[in-house]
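Colleague: Pulled from Swiss-Prot, these are the listed features:
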ACT_SITE  119  active site, charge relay system
ACT_SITE  173  active site, charge relay system
ACT_SITE  207  active site, charge relay system
């Protein structure tokens, strides 16, 4: 299975780590290039290659069946646990795993690879972190949730239980409600037994990524995939 197309930003120095970050519903990989640009402007994480995959164009029930960039179908946001597209989610997990393999085949150790995403991309990244048997360097989940919880609870393994995880959510998020973020955090810690979860909540932040959050992410990346 070939990986999805992606925006790839090479490391400025010797390439020893990779960040793979998935955008949200209706967005694009280019829409998250600012993470790499902020790091480059500050001369930070020069050893890191950034990959921003592009979701395929597909019909989305929430959008009246119209085609848009989407990692899986979404029927409603009022209850993110209702009628989930398990097949589509697992297909995107497989695509993300193929991107991880692309990097390990190129010589980057898996424990120097961080996966992450925003909103729908967060859901795919969290599912991947729970299900993969590859030991990762870190997992970043922004303004999202753990999807297909029953499946993940029955199929997850302990490979990444002590892998550093950065979870963040805005308190004023009206798309993926803040409560869903907290419930997912609690599920990850209490049910899946992840031991190294770094939780951040941002007062007044809507369904977006703020400057304070960007700074916190870059600091966290520097700490967990040191040069």
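Each residue, glycine too, has its Cβ placed from N, Cα and C.
I'm curious about the neighbourhood of these features; can you describe it?
Modeller: A coil conformation is recorded for residue 119 (active site, charge relay system) in the three-state DSSP classification, outside any helix or strand.
Remark: residue 173 (active site, charge relay system) has 143, 181, 205, 206, 207 as non-local neighbours, by Cβ distance under 8 Å and separation of at least 6 in sequence.
Other Cβ atoms within 10 Å of the Cβ of residue 207 (active site, charge relay system) number 19 in total over all chains.
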Colleague: So, three-state DSSP: helix, strand or coil for residue 173 (active site, charge relay system)?
Modeller: coil
Colleague: May I ask which residues of the same chain, at least 6 positions away in sequence, place their Cβ under 8 angstroms from the Cβ of residue 119 (active site, charge relay system)?
Modeller: 24, 25, 142, 143, 144, 175, 176, 207
